[in-house]
Structures are given as C-alpha cells and as structure tokens.
Amino acid sequence: MNGGPSGFYNAPVTKTFVIACALFTIFLGIQGRSSTLGLSYQDVFGKLHLWRFLASFITFSSTPELMFGLYLLYYFRVFERQIGSNKYSVFILFSVIISSLFEVLTLAFLKDPTLNILASGPYGLIFSSFVPFYFDIPVSTRFRIFGINFSDKSFIYLAGLQLLLSSLRRSVIPGMCGILAGSLYRLNILHIRRMKFPEFVTSFFSRLYGLYPGGSSPRSSSRNITGTAPSFVGRQVERNYPATLHASTTEPPEDSIATLVSMGFDRNSARIKKDSQVGR
C-alpha cells in the first residue's frame, strides 16, 4: 500500500493540522494540562466550559497518543489529495462537529461519575477517516506471520486499535463517535460530500499556503514523482475511463489529469502517465 509522495505534497490542510496538534500538545504538556482537557459531563453541563471543545479537539492527552495520532493523520493525507483541500476541510469540520455532538449526547446519557473525563485529541477526525480507508483503499499485498493472515492495511488498523484502546473507555467513546461521524459522511447526509467552502475562503487560504490552481507551486511541480501515487488511483482512473481511447494522439481527458494531480503527480507527469494508458 503506497500512501503517495512523501511529505505533505498537495496536503496543506493536513500539514497545518498536524503541526497545530503537535505544538499544542507539547506546549500544554509542558504545563501539565494536556491530560485534563478532555470533555466531561461536569464541564459540559455543569460549568459550561465550551472552550474545552476546541482544546480537547486539537490536543492529545499523552505522548504515545500523540505519536500514534500524528502517524494516522499523516497517512490519511491521501484523502486530501484525492478529494482536494476544499472538500477535505469540509470533511474535517463535519467530523469534528458531529463526533463532538455524539460525545456530548453520550455523556448526557451515561451521566457516569466514574467516567471522569474523555480522552482529548482529534479522535473524531482520525476515526472518521477509517471509514473511507476501509471502503476506498484496496489491499495491494497479503502475507502471513506465524500462520496469521495480514495485509498492508493491517498496520494502519493496528495503530488505530492502539489509539482506540489507549485510555480504555475514555478513548473508546470518542473513537466510536468518530466512526459514526465518518459513516454519516459516507452516507452523504444532507449532500455533505458535495459541499465546498466559498471561493473567497479558498482564495484566501490559497494565498496563505502559496498554492496555485493546479494544486502545487512552480518549484514543487518541477519535481518528478512519477510512480509514487497510490495504486488505487490508477485503478480508479482506468475504471472511470475504460479502454475506449485507443489512439495515442488523443488528448487525455482533463478531469482524469486533475485526478492524478490531486493525488500528488505534477501536471506533466500526470499527462505522460495518462497518455501511456491511452496508447494501450
């Protein structure tokens, strides 16, 4: 399983989010406050500490959770490359709001004093991402260890399981709420998968990140990254555009080139790759 080009190429939203989580966790961890920022029934319904929603979403409770969480966030950057930064930002916002709502409803339903505080961190976003990971990322290799079958996706699942069980019930609840939020996004509730942020918002962040309409800067587009895009992208393009174009001189469809560009190819490499598929 190939996660695409290394680094945060064509994934500025993921890059910003990963850096923010790391900085906030380290800064608040030095102050000894990172383990007390999760949601609790008393804070939400008793003291109305609404600021905890933001703090608990972006700060991990401990160093092991930070390591596994950042690893999963970094891997799931593949979805930003697939659907684009605009729609991925909508996915983040939807996952955060819906998973937080489920967490609040769970706290209100349980009213469990022994459930002191939920684990903090972007559990909603991480476990929402496991839904498209399960359905959309194919298995590319399988192997056996001590007679047990594994696939290249098993390591991601194991990292997620470690994060889910890191604080027992405190982490299981936000993790399951994240899976529910990802399932609702998958079901396209209220046509959420079609929604985008307005043009003035995207143009502002495009200038902020130095992005260009093609999804990369001139300097970065000069790099040759052919062969590093995930294998499922090629399958998807071949499935969407079957062998109906046989002439090697036919211009590749623009939307197929855009698909490859969004997954990490520079535009010239994407055109060459698509031309080779057309010529087959």
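Note that Cβ sites are derived from N, Cα and C of the backbone, with glycine treated the same way.
Given the structure is predicted, the values throughout are model-derived calculations rather than measurements.
Residues 37, 55, 58-60, 63, 66, 69-70, 73-74, 76-77, 80, 85, 88-89, 92, 121-122, 125, 205, 209, 211 of the same chain lie 6 or more positions beyond the ends of the transmembrane segment (12-30) yet place their CB under 8 Å from a CB of it. TrEMBL lists 12-30 (among others) with the feature transmembrane segment.
Across the domain 'Peptidase S54 rhomboid' (49-187), DSSP classifies residues as 97 helix, 8 strand, 34 coil. Positions annotated as domain 'Peptidase S54 rhomboid' by TrEMBL: 49-187.
Long-range neighbours of the transmembrane segment (50-76) within the same chain, counting only residues 6 or more positions beyond its ends whose Cβ lies under 8 Å from a Cβ of the stretch, are 3, 14, 17-18, 20-22, 24-25, 28-29, 34-35, 37-39, 43-44, 96, 100, 118-122, 124-126, 129, 133, 156, 159-160, 162-163, 166-167, 171. The transmembrane segment feature in TrEMBL is assigned to 50-76 (among others).
Residues 13-14, 17, 39-41, 44-45, 53, 57, 79-80, 115, 118, 122-125, 127-129, 173-174, 177-178, 180-182, 184-185, 192, 195-197 of the same chain lie 6 or more positions beyond the ends of the transmembrane segment (88-109) yet place their CB under 8 Å from a CB of it. The transmembrane segment feature in TrEMBL is assigned to 88-109 (among others).
As annotated by TrEMBL, transmembrane segment applies to 115-135 (among others).
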